[in-house]
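Here is what Swiss-Prot says about this protein:
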- SER49: D-glyceraldehyde 3-phosphate binding site (BINDING)
- ASP82: active site, proton donor (ACT_SITE)
- HIS83, HIS180, HIS210: Zn(2+) 1 binding site (BINDING)
- ASP104, GLU134: Zn(2+) 2 binding site (BINDING)
- GLY181, GLY211, ALA212, SER213, ASN253, THR254, ASP255, THR256: dihydroxyacetone phosphate binding site (BINDING)
Amino acid sequence: MLVKGNEILLKAHKEGYGVGAFNFVNFEMLNAIFEAGNEENSPLFIQTSEGAIKYMGIDMAVGMVKTMCERYPHIPVALHLDHGTTFESCEKAVKAGFTSVMIDASHHAFEENLELTSKVVKMAHNAGVSVEAELGRLMGIEDNISVDEKDAVLVNPKEAEQFVKESQVDYLAPAIGTSHGAFKFKGEPKLDFERLQEVKRLTNIPLVLHGASAIPDNVRKSYLDAGGDLKGSKGVPFEFLQESVKGGINKVNTDTDLRIAFIAEVRKVANEDKSQFDLRKFFSPAQLALKNVVKERMKLLGSANKI
């Protein structure tokens, strides 16, 4: 059943576990995510970006999610707009049936971010929709979001406290050292867990970890074995994800891992049978690989068996 984002995350916040927020761009990805939720008895945070909405069409995206909710009525599901860049984009998502939206004004100055977030919160709350915002800036590239290393800034905990109090946002994504994409760290992975814990203490709301793909060894191997190139890639270690949840993270965004796992299987089929053109032969193993990544993440973060 489709529910407000806060309905899922407040429970995670109170009970101290994390919920994976999984991006989709087509039916195959969505189907695999729902199958994983069903098999692991986990609530689902389904999200899609402005770029993916442009690709699928917003009515199609919402329609597919609603259809899957009818197939699995026992699973609490939030449909979330990831990285909404404007008020209009968030409003469009709310009107289309999303139950959670993110307004990402983190590239603006604090006061501008606060003003725009507050405007979105008022609009969304009037419609019964939850809102996420971001403070600090994550390095990396995701859809139309691109931030250089010199522009990446970690969150200020006191500013986070003020921001949450004044905006009344439902959950916050604090920048603590992760980055978008497959190339998250130049040296050894490092996240500012002390900063995270202070933000949690001062805000006392669900927190979100962006740039949280791990690029697990088995997924990396499958991609490389199929002829892919991930030179220099480095994800967030599993133990860091677990430590983040202990420090107050309740929503863990995951996109890159899903893409890599899916495409690895498509490449594999293409390499092994160059005469193959039955799409089902490509997408069936790709869905299974993606589902396994999602199931593993649900168990790691603690959302398995939380329905």
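Any Cβ shown, glycine's included, is placed from N, Cα and C.
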| query | Which one of these binding-site residues, HIS83, HIS210, has the sparsest Cβ neighbourhood, judged by other Cβ atoms within 10 angstroms? | reply | HIS83
| said: Taking only C-alpha atoms and a 10 A limit, tell me which of GLY211, ALA212, ASP255, THR256 are near ASP104 (Zn(2+) 2 binding site). These are the binding-site residues. | reply: none
| Alpha-carbon spacing, ASP82 (active site, proton donor) to ASP255 (dihydroxyacetone phosphate binding site), which is rounded to whole Å | 11
| message | Tell me the Cα distance separating GLU134 (Zn(2+) 2 binding site) from THR254 (dihydroxyacetone phosphate binding site), rounded to the nearest angstrom. | response | 16
| query | Near SER49 (D-glyceraldehyde 3-phosphate binding site), how many other Cβ atoms are within 10 Å of its Cβ? | reply | 22
| said: For a quick check of packing: other C-beta atoms within 10 Å of the C-beta of THR256 (dihydroxyacetone phosphate binding site), how many? | reply: 24
| So for GLY211 (dihydroxyacetone phosphate binding site), how many other CB atoms are inside 10 Å of its CB? | 23
| query | Within 10 Å of ASN253 (dihydroxyacetone phosphate binding site) (Cα-Cα), which of the binding-site residues SER49, HIS83, GLU134, HIS210? | reply | HIS210
| field | Proximal residue to HIS83 (Zn(2+) 1 binding site) among binding-site residues SER49, GLU134, GLY211, ALA212, ASP255 (C-alpha distance) | value | SER49
